[in-house]
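Shown next, in structure tokens, is the structure this report addresses.
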Amino acid sequence: MSDQSPSGPPEPDPVDRPAPGGPVGPAGPYQGWVFPPTGGYPPGADPYPGYPPGYPPYAGHLPYGWPAAGGWDPADPLVNPPQAGIDGWFSRCAGALRRGWRTLLPIMLLTQALPAAVVSIISLGLEPSSQLPADGSLSPGYLGDFLTFGGATMVAALLLYLLQSVGWAAGTWVVTRQAAGEPVDLGGALRYGVRRAPGLYGWTLLTGLLAAVGFCFCVIPGVYLAFALALAGPVYLFERQNPIGRSFHLFRSRLGMVPARVALVAAAVVAGTVVGAVLEAVGTAPLGTDPFAAPGTAVGAVVVVAVTAALVVPVYLVQLVGLIVTYAEQRAHEGPVNAARLAAELG
């Protein structure tokens, strides 16, 4: 008798492997040790009947197979991931300014500083030079001059804000495309700005009117509306629907974060505006109450206003970049998003 077992047919493999190059059986390709099978289980079939197909992840952990960052790119140059905090927000604002200042600077000079200078010159030229007497009575013609001054300044500001809307849209295009690694140029930015300016202009006027009404009733409602509507412009440019409602939703969804970000931007804008107004007042004070009464003082007034408007341009850059990064951050809290997707949404 031999010690070797008698030869016979091999034990059948629980899962028959097809011969190399041979036909695949009706059950599909061999799955090996893949679990669960490729393509999932057939409808109605679970791996262990009577037991749940899987357990939810532990608190604070993501489901198995998800990216470690939750689908957000922690190195995205524009979108601040939810876990990055205020440091990430500052870092992305600084990065946007560092990448785009060469293109953004002429845009802001043309579309923001120039209209602001024109409005200031109109104000200086039409401001009533007659002073109120000590007894408080109005001098002849003072009321008419005051109404002319106010009306002309308001009309000029409304008309020139259309040019400023071109700048806000063009700047958004530059910041977003650069973050996505796409090429930008001054001409392309201005063409995009002209295309989006009418809609942005209309929505901006409406949000400004709402904030003004709030200030008329009381300061606090006006401040609240100004903060809650601060993201209406980016919402329109990226989503192009319901800017007011979406801005309110983003504001209310994260009442701690969004007001804090907007407050930082607003503080920079207010500080820059005050500094610009002080510089202009100091520069035009030696020119008298009516600097346009003589050619020499008129030239001096124009130079002072132009220089002051140019010095305030960094404030416009901070406002633009701060609101864009804030909007992108809030989109990240709603779901994974990156700079490339935002650039595509601009159209």
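Even glycines carry a Cβ here, placed using N, Cα and C.
TrEMBL lists 1-38 with the feature region 'Disordered'.
What TrEMBL lists as transmembrane segment is 104-126 (among others). Tertiary neighbourhood of the transmembrane segment (104-126): same-chain residues 97, 145, 148-149, 152-153, 156-157, 160-161, 163-164, 166-168, 170-171, 174-175, 186, 189-190, 193, 280, 284, 291-292, 301-302, 305-306, 308-310, 312-313, 316-317, 320, selected by CB-CB distance under 8 Å and a gap of 6+ residues from either end.
According to TrEMBL, the feature transmembrane segment maps to 146-163 (among others). Non-local neighbours of the transmembrane segment (146-163) in the same chain are 111, 114-115, 118-119, 122-123, 126-128, 197-198, 201, 204-205; each lies 6+ residues outside the stretch with a CB under 8 Å from one of its CB atoms.
For 200-217 (among others), the entry in TrEMBL reads transmembrane segment.
Marked as transmembrane segment by TrEMBL: 223-239 (among others). Sequence-distant contacts of the transmembrane segment (223-239), counting only residues of its own chain at least 6 positions beyond either end whose CB sits under 8 Å from a CB of the stretch, comprise 168-169, 172, 196, 199-200, 203-204, 207, 210-211, 213-215, 246-248, 250-252, 258-259, 262-263, 265-266, 323-324, 326-327, 330-331, 342, 345-346.
For 260-279 (among others), the entry in TrEMBL reads transmembrane segment.
If you look up TrEMBL, you'll see 299-325 (among others) marked as transmembrane segment. Cβ atoms under 8 Å from those of the transmembrane segment (299-325) belong to residues 78, 80, 89, 92-93, 96-97, 101, 104-105, 108-109, 112-114, 116-117, 120-121, 124, 167-168, 171-172, 175-176, 230-231, 233-234, 261-262, 264-265, 268-269, 271-273, 275-276, 279-280, 283-284, 287, 291-292 of the same chain, restricted to positions at least 6 beyond its ends.
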